[in-house]
Amino acid sequence: MAQPPPDVEGDDCLPAYRHLFCPDLLRDKVAFITGGGSGIGFRIAEIFMRHGCHTVIASRSLPRVLTAARKLAGATGRRCLPLSMDVRAPPAIVAAVDQALKEFGRIDILINCAAGNFLCPAGALSFNAFKTVMDIDTSGTFNVSRVLYEKFFRDHGGVIVNITATLGNRGQALQVHAGSAKAAVDAMTRHLAVEWGPQNIRVNSLAPGPISGTEGLRRLGGPQASLSTKVTASPLQRLGNKTEIAHSVLYLASPLASYVTGAVLVADGGAWLTFPNDVKGLADFASFSAKL
């Protein structure tokens, strides 16, 4: 069985990296990555930059992306522009994209990675909490995609990769908000692939499973003993890591996937096929994690 590539737990760059793809796969391309200051988004930025790409990393937290950009540029030697931006605010997106275009003159790739999630029973979920997740995950993905379409992709082509999830595939307990939001994004992926394909724009989704070293796993994974049992029951019997997800996104964003559009690539080790969907167990963990 293939061994996973090395990874580190926190938001730090890899101490060493062995290229599985050509090192200049994205040479001098520019990628705009929402949620790029931490977690999976941070690792996507790093792996892209290690393949010759310059990046723009956008997040609501300017200190976070400033710190991330210094780490990324130092480790890879490529340029990284940190920007403060809320995906729910179209004027802020327009300003950020304008600044990125002024800095680089082009944007070739958009990675929609900004997201919000937590465990909550549907009957206890506030109207505002549901709306907030939909606004960030679904509306935010559309907002950034539409602005980049108008500002650059319509006339120059481009690639969009939306980071989604498998929650909606089976109706995951305590995840009606995130599952609905991400399922809507997968539908959006197909709609935009059809409408924007003639402008040489490819649009795909990447749906990760449980990934080590992420805030999502801490919030959603459950107690360690319970998580270990779930992982052992999954087909590959291990968690994924951020580098593996970044490699999958790299494939979709690169010329290797030049004839792939409107697709959802699931990168979860088969976990969605076997992970338990235990409402009571998840509810107990949600109650516990809310106190952390």
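Backbone N, Cα and C atoms are what each Cβ position is placed from, and that goes for glycine too.
Taken verbatim from Swiss-Prot:
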type    : residues                                             : note
BINDING : 35-40, 60-64, ASP86, LYS182, 208-214                 : NADP(+) binding site
BINDING : ARG60, ARG88, PHE118, SER126, PHE127, ASN128, ARG219 : substrate binding site
MOD_RES : ALA2                                                 : N-acetylalanine
MOD_RES : LYS151                                               : N6-acetyllysine
MOD_RES : SER287                                               : phosphoserine
MOD_RES : LYS291                                               : N6-acetyllysine
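On the structure: features taken from Swiss-Prot.
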residue : record                 : DSSP class
GLY35   : NADP(+) binding site   : coil
ARG60   : NADP(+) binding site   : coil
ARG88   : substrate binding site : coil
PHE118  : substrate binding site : coil
SER126  : substrate binding site : coil
LYS182  : NADP(+) binding site   : helix
PRO210  : NADP(+) binding site   : coil
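Annotation: GLY35 carries the greatest number of neighbouring Cβ atoms among the binding-site residues GLY35, PRO63, GLY213 [cut-off 10 Å, Cβ to Cβ]. Between the C-alpha atoms of PRO63 (NADP(+) binding site) and PHE118 (substrate binding site), the distance comes to 24 Å. The binding-site residues recorded for this entry are SER126, PHE127, ASN128, and the Cα of ASN128 lies nearest to that of LYS151 (N6-acetyllysine). Ranked by Cβ neighbours within 10 A across all protein chains shown, the recorded positions ARG60, ARG88, LYS151, LYS182 are led by LYS182. Here SER38 (NADP(+) binding site) comes close to ASP11, SER59, ARG64, ALA68, GLU215: these same-chain residues lie at least six apart in sequence, with C-beta atoms under 8 angstroms from its C-beta. For GLY213 (NADP(+) binding site) paired with SER126 (substrate binding site), the C-alpha to C-alpha distance reads 29 Å. The Cα atom of SER126 (substrate binding site) lies nearest to that of LYS182, taking the recorded positions ALA2, GLY35, ARG60, LYS182, PRO210 as the candidates. Of all Cβ atoms in the protein chains displayed, 10 besides its own lie within 10 Å of the Cβ of SER126 (substrate binding site). It is 29 Å from the Cα atom of ALA2 (N-acetylalanine) to that of GLY35 (NADP(+) binding site).
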